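As structure tokens, the structure follows; a few thoughts come after it.
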Amino acid sequence: MYEHYHSGWIECVTGSMFSGKSEELIRRVRRGLFAKQKVIVFKPSIDDRYSELEVVSHNGNKVEAVNVHHSSEILEHVKEAHDIIAIDEVQFFDNDIVGVATQLAEEGYRVIVAGLDMDFRGVPFEPVPELMAVSEHVTKLQAVCSVCGAPSSRTQRLIDGVPAKFDDPIILVGAKESYEPRCREHHVVPK
């Protein structure tokens, strides 16, 4: 997977909530740090669930991160020599994140992005599908369905324990109190 490239590349880690996306991003970042590579990690300002200045996985692993409001701010922070640029919760960025990641890869960086591939309705969650298309490596992770234990590819949003409706707002930052991993069979989105 980590062949030597003369230019940079993009790695996209995706899947449903609770599938281990942030955990995998943190693992790859730590491997880079162990190899004495220079790493910088970014997260969107909207993601304030666990920490404003860290990427934190659901099981508590964390790595220091720069909090940004707009994808263009990433380019402003990447001024010194870095080897790895990691971006978590990429689905919360504007669609310009695709161009930012592409530009960084073309400048020779290893770019790792992690985010949801589908929203709570089971609809592709832009800009992640486009990032998947331009990535050299795509890792799609699955969680375990909270109803039956089957592999989970969907994220179920719950409002007071009841499935959210299709026309509810797409973005609602939350964790276990609002979302569950579900398989295709047990994913419910009332119209």
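The backbone N, Cα and C atoms fix where each Cβ goes, and this holds for glycine too.
Swiss-Prot lists G15, S16, M17, F18, S19, G20, K21, S22, D88, E89, V90, Q91 with the feature ATP binding site. The active site, proton acceptor annotation in Swiss-Prot covers E89 and rests on sequence analysis. Summarising the annotation, Swiss-Prot assigns Zn(2+) binding site to C145, C148, C183, H186.
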Alpha-carbon distance [K21 (ATP binding site); C145 (Zn(2+) binding site)] in Å | 16
Listed recorded positions are E89, C148, C183, H186; which of them have CA atoms within 10 A of the CA of K21 (ATP binding site)?
-> E89
The number of other Cβ atoms within 10 Å of the Cβ of D88 (ATP binding site), counted over all protein chains shown, is 26
Chain-internal residues near C148 (Zn(2+) binding site), provided their CB is under 8 angstroms and they sit 6+ positions away | C183, E185, H186
In three-state terms from DSSP, label V90 (ATP binding site) for me.
-> helix
